[in-house]
C-alpha cells in the first residue's frame, strides 16, 4: 500500500500518549477492582466485533449498523472515532493484519470482504466478493493469508499480497462428514488451520493442503470460539456447554476446563503475556481467569450478553462489545474498554 502522510494534529496526539496499563504486580483482584471502564459512543446498533491492531494504537469495531469504526481506545481521554462506510449489511467480524498496524479486513453478510488502509479513513483499497454471507474472518499471523467463513460453512482463502487480493482456494466439508464451522484461525507457525465446529470438536487441518490431521474433543455441545496464547503454548476454545477448554498445542491434550459461566461461551481472549483469559457469554459478566491455576480472578459486570472481547496486544485493557441496547441520543452503549487504572 502506498504511504499516506498523517496530519499534524494526529502527530501531536501521538506524541503525548499515555502508557497502557501493565496490570497487577501482586494482588490481581484488588488491581481489577480499581479499574475504570470507558464507554465508546458512536454505533447506532448492536456491535458484533472488536479487535486491536498490532501496535495497540487503534481499536476497530463492526456493527449491525453496517459501519466500522476506528478508535484511539488505549487513551481514556480520547472520545472521537472515525467511521468506515461501504458495507451494505451487518459487519459480523473483522481482523487486522498482525504485521501491519494500518491494514484491516472486514467481513459482512453482504457477501463481501473489504480491505482498508486505515491511514485514510475513506480508503477501502479492495473489495473481494464471496459466494455466501460472511460471518467470520481470520488473518494469518505472518500476514500472508486471510480466511473468511460464511453461513453455508464454506471457507474462502484470500491472498492479500496480490493486487487486487484474490480467492486462491476454498474449503467445504463433504456431505458425509459435514459439520457446522464457527470460528477459524491458523496456528502461529502457519502450519495448521483450526476450526471450531457444531459437533463440539476443534478440527485441525494441515496447511496448505487442508488435510485433516487431528480432532480435539472437549465440548459436549457446539464449539463457538477460539484463541491462541500469544506465548504459543496453548489454544483455548469456548462452547455452548458454557465451558472453556485449554489445550496444549504441541501435544493436543486438554489441560483444564473453566466452568464459571452459565450460558454458551461466545468469545474468549488471552492477555498479551498469556497470564489471563477473558471469556464471555449471555451471563451479565465477563470472567477473567488465571490460565495456570484455572481460578477466576475477577468478574467484569455487564448489562447484557457479550459478543466479542479483545485484550490489548501490549497491556491490560479489555475491549468488549455486547447487546446492551439502551439508546443515548440514538447511540448504543454496548462498546466499552475496561482496565484504565492510575
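Note that the numbers count up from 1, one per residue, in the order the chain is shown.
Quick reminder: no glycine exception, Cβ is built from N, Cα and C everywhere.
The feature region 'Disordered' is assigned by TrEMBL to 1-29.
Sequence annotations record features per position, and here TrEMBL assigns compositional bias 'Polar residues' to 1-13.
Through the fold, the repeat 'WD' (40-81) approaches residues 13-14, 17-18, 20, 87-102, 104, 106, 108, 116, 118, 121, 307-315, 317, 319-323, 325, 328, 330-337, 340 of its own chain, all at least 6 residues removed from its boundaries and within a Cβ separation under 8 Å. The repeat 'WD' feature in TrEMBL is assigned to 40-81 (among others).
Helix, strand and coil counts under DSSP for the repeat 'WD' (84-126) come to 0 helix, 22 strand, 21 coil. Look at TrEMBL and you will find 84-126 (among others) tagged as repeat 'WD'.
Tertiary neighbourhood of the repeat 'WD' (216-257): same-chain residues 180, 182-185, 187-188, 194, 196-204, 263-274, 277, 279, 281, 289, 291, 294, 313, selected by CB-CB distance under 8 Å and a gap of 6+ residues from either end. The repeat 'WD' annotation in TrEMBL covers 216-257 (among others).
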Tally of DSSP helical, extended and coil residues in the repeat 'WD' (40-81): 0 helix, 16 strand, 26 coil
